[in-house]
Amino acid sequence: MHSNDYQRIVYTGTGLEAAGGTEPGPTPLTLLEQWWEAAVADPRVTEPAAATLATFDVGTGLPDSRVLLIKDFDAQGLRFFTNRASAKGQQLETTPAASITMLWHPMFRQVRFRGPVEQTSRDEDLAYWQTRPRESQIGSSSSHQSQPVESREQVAQNFQKVERAHPDGEVPLPTTWGGYRLRPVEVEFWVGMPARLHDRVQWSADRPLPMDSNHGWSVQRLQP
């Protein structure tokens with residue numbers, strides 16, 4: 001058995017002092033933007049957009065999760081893009097709800113979102129696809145994501161096949177590739193604090209609400 005009896009560090013996070021009190025505080029979007037900008041500016045955070053997406057697999061009755069990149073966020077929620085024929089795409093088709101966790105550990109900060117998930121429009125998909133590097137377009141177009149493959153060499157051959165088929169310019173948008181938007185009904189900000197007395201403030205609602213307002217949200221501070 002591997003133990004975690006290593007020398008633990010002392011968490012010294014900040015950032016929730018103005019939230020969760022009796023006075024009007026920041027909206028979820030305002031606080032998320034502040035934390036996002038701080039993470040982007042912090043050289044210790046190597047990939048600020050990395051997040052864990054958790055979904056539910058009806059076929060096995062088990063939860064599933066994976067790390068991916070959040071494309072962007074606004075008052076309506078968070079967007080991410082993937083192959084809709086992949087495992088997560090199929091899971092979101094049968095159970096269109098998920099949770100997303102963004103962790104910036106060097107800053108001792110975490111944000112969790114839960115809510116329904118909807119597909120983005122084809123116009124949104126195309127607009128983002130056209131901004132992607134050609135190599136990324138080829139990689140996405142050549143991969144039947146989550147399907148078995150004979151070897152790593154086969155992956156490379158599939159890539160080269162698509163590359164040869166489109167020698168000049170942009171690769172067409174695959175029919176199975178597109179985006180999703182998680183529309184939060186719950187947003188929780190977490191700050192790691194000394195003595196494990198972590199600070200947590202949660203926004204919750206009975207339906208998706210814009211994150212640029214506190215109207216309709218229930219805001220409360222949670223115990224560690």
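Glycine is treated like the rest: Cβ placed from N, Cα and C.
Going by what TrEMBL states, the FMN site holds Arg66, Val67, Leu68, Leu69, Ile70, Lys71, Phe81, Thr82, Lys88, Gln110, Gln145, Ser146, Arg200, and the candidate of Trp129, Trp190 recorded there is Trp190.
A coil conformation is recorded for Gln145 (FMN binding site) in the three-state DSSP classification, outside any helix or strand. Mapped onto three states, the DSSP output places Leu68 (FMN binding site) in strand. Mean model confidence of the domain 'Pyridoxine 5'-phosphate oxidase dimerisation C-terminal' (177-224) amounts to 96 (pLDDT, 0 to 100 scale).
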